[in-house]
Each structure stands twice: as C-alpha cells, then as structure tokens.
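Asker: Here it is, the structure, as structure tokens.
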Amino acid sequence: MVSAFYAFLDYLKNIKAASPHTLRNYCIDLNSFKVFLEKHGKLSPSMPICLFSKERQETNLPFSLFTKDAVRLYILELMQENKAKRTIKRRLSAIKSFSHYCLKHRILLEDPTETIHGPRLPKELPSPITYEQVEILMATPDLSKYTGLRDRCLLELFYSSGLRISEIVSLNHWDIDFNSNLIRIRGKGKKERIIPITTLAAQWLKQYLNHPERAGVAKDSQAIFLNCFGTRLTTRSIDRKFQKYLRLSGLSGNITPHTIRHTIATHWLENGMDLKTIQALLGHSSLETTTIYTHVSMKLKKQTHNESHPHG
C-alpha cells in the first residue's frame, strides 16, 4: 500500500502540478493515516512517507486494512484527540483523493470512503483590510535599499492583481508585457491566465528590474523576484518579509499575503467590477468561490452603516 501512496504523490506532483506546500500537506495526512492503519493492524511502525526522500521503503501494509470501518475509526480517533475540525476535514479529503486515485488506476474496486463525511465547518468570510491600511503597508519598505525597492514592488503587485503567493514567485521575465501592462500567470493545476497590472505596478516593476544591484546579484536569469543570493524568492521567504513589514507598519490582526488577494477582490467589487471578471482575474475555477466577496462587501457596508448612523 505504501508504494501506492508514493505513486499517488508522484501523480499529484508530475501530472496535477501540485505545489510543494500541497504535497507536504498530503505527506503529513497520509502518514497520519498510515500510522493509524499500522497500529490498527498490529504491524510494526515503518519509515514515514517522504516524497523528497531518495529511499522509498516498501512495507507489508496490506490494502485489506483500508476499509470503511478503518476510515471511520480513524476519524473518530482524530476527534477524540481534539484535532481541529479543519484538520480532520483535510485529512479525510487526502484519504478520499488517494482512494479515488486507486479506483481510477484499478488498484481498488470499491471506494472505502464513499459514504464517509467529515465535520461541517462554519463558513468563514475573508477579512479584507482598508484602503488606508493598504497605503500604510505599501509605505513601509525602505526605498533607499535595493531589497526595499523589491519588496515595495512585491506588495504593489499583490494589490494590483490579486495574485497568489505561489504565482508571484513563479513569475519569469517573459511573463510580463510592458507594452500592454499584461502578465501571464501559471495558476493552480498549470492553468494559465493573462491579467492586467496597474500603471503604478508596472512602473515599480521596471524600476526594480533595472536596478544595477539586481543585475549584480542575479544568478537566475529567468526569475523576476530574487533573494540577496541572486536566486528565486520562495513562498516562505516572502511570508517572512510580509510579517516583518506588518510589524514595522504597526498594523495588527491576522494579515497575510492572501489577505491582500481578498482585499483587492473586495475593493474591485465595491468599485463596480462584476463577479465574472473578478473570477477570471483571480483564476477561480468556480464562480461560487468568487461569490463569497459579495457577502464580505455586504458585511463591510453593514458595519460602516452601523458605525456612521446616529442611531447605530
């Protein structure tokens, strides 16, 4: 069964173009289930599944242990361990995806997860920040330094286009057309889309790309955003920089790069952009995903109304 886990992870990586973050989560979730099955089947613990390991140890974990009862017991055990509902939901989702892969490749004849459902999650609306907070964040990088210029450019691009952090780090030189102010994005599942950027974002990009210090450190001739060693920035390093600027700006709350994506989507909607256009710009596969911003916009309107009304 462990070889099937690895085949599934290879499929996610090579065919479905899953991000390293997604692959890490799948490894964590499948390892958790594997440990449970080994314990449930009274088998000796084996090496954890690691997609990036050169050694892939096969074990005697039989598919006969992968039953509906086993999956139910596993979910029950997670609940008894007081795991968060979102964690339980994600782990069940990983097992279901693995099961569907096995059915598709005729490794399994029946789906052990078919009638099993995870816990219901409360609908959480994304919390955008205000125009004023966006301006405060933008003004934080030190523009006297090359790295500050790069980081201002990053922030401007996040807000200009609502890009995911993984889409920002994967940007290459040939993805940007300065004549039309358009950029080509490789989104989830290798789906490409072409979206506009603001004139201001284009100006910051040109200034950053033409900076002599950037040319001096560049080792990666393709990547747009480089670290101080001249290689492509990672999602983790951008996350760290983002948190640094939050501290320096004095802004409080749970604000992440993804918050900026939620923010510009909400601002687009408030300024009259239709949902289909927002869906295309954000790269949502379903309009239902985009519709959540109508609820966010209404929530903000109600909040503003209550705060501004004399009887509020």
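The backbone N, Cα and C atoms fix where each Cβ goes, glycine too.
Copying in the features that Swiss-Prot gives for the protein in this structure:
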ACT_SITE  Arg164  active site
ACT_SITE  Lys188  active site
ACT_SITE  His258  active site
ACT_SITE  Arg261  active site
ACT_SITE  His284  active site
ACT_SITE  Tyr293  active site, O-(3'-phospho-DNA)-tyrosine intermediate
DOMAIN    1-103  domain 'Core-binding (CB)'
DOMAIN    124-306  domain 'Tyr recombinase'
Asker: Let's check the environment of His284 (active site): how many other CB atoms sit within 10 Å of its CB?
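Answerer: Total other Cβ atoms inside 10 Å, all chains included: 18.
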Asker: Work out how many Å separate His258 (active site) and Arg164 (active site) at their Cα atoms, rounded off.
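Answerer: Given the Cα positions, His258 (active site) is 7 Å from Arg164 (active site).
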Asker: Among the active-site residues listed here, Arg164, Lys188, whose Cβ has the fewest other Cβ atoms inside 10 Å?
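Answerer: Result for the active-site residues Arg164, Lys188: minimum number of other Cβ atoms within 10 Å at Lys188.
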Asker: Could you check which of the active-site residues (Arg164, Lys188, His284) sits closest to Arg261 (active site), going Cα to Cα?
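Answerer: Among Arg164, Lys188, His284, Arg164.
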Asker: What is the Cβ neighbour count of Arg261 (active site) at a 10 Å cut-off, with all protein chains included?
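Answerer: Within a 10 Å radius of the Cβ of Arg261 (active site) lie 21 other Cβ atoms.
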Asker: Over all shown protein chains, what is the count of other CB atoms within 10 A of the CB belonging to His258 (active site)?
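Answerer: A count of 14.
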Asker: To the nearest Å, how far is the Cα of His284 (active site) from the Cα of Lys188 (active site)?
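Answerer: It is 9 Å, counting Cα to Cα.
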Asker: Helix, strand, coil: count each for the residues of the domain 'Core-binding (CB)' (1-103), based on DSSP.
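Answerer: Secondary-structure breakdown of the domain 'Core-binding (CB)' (1-103): 69 helix, 0 strand, 34 coil.
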Asker: Give me the Cα-Cα distance between Lys188 (active site) and Arg164 (active site), rounded to a whole Å.
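Answerer: Given the Cα positions, Lys188 (active site) is 10 Å from Arg164 (active site).
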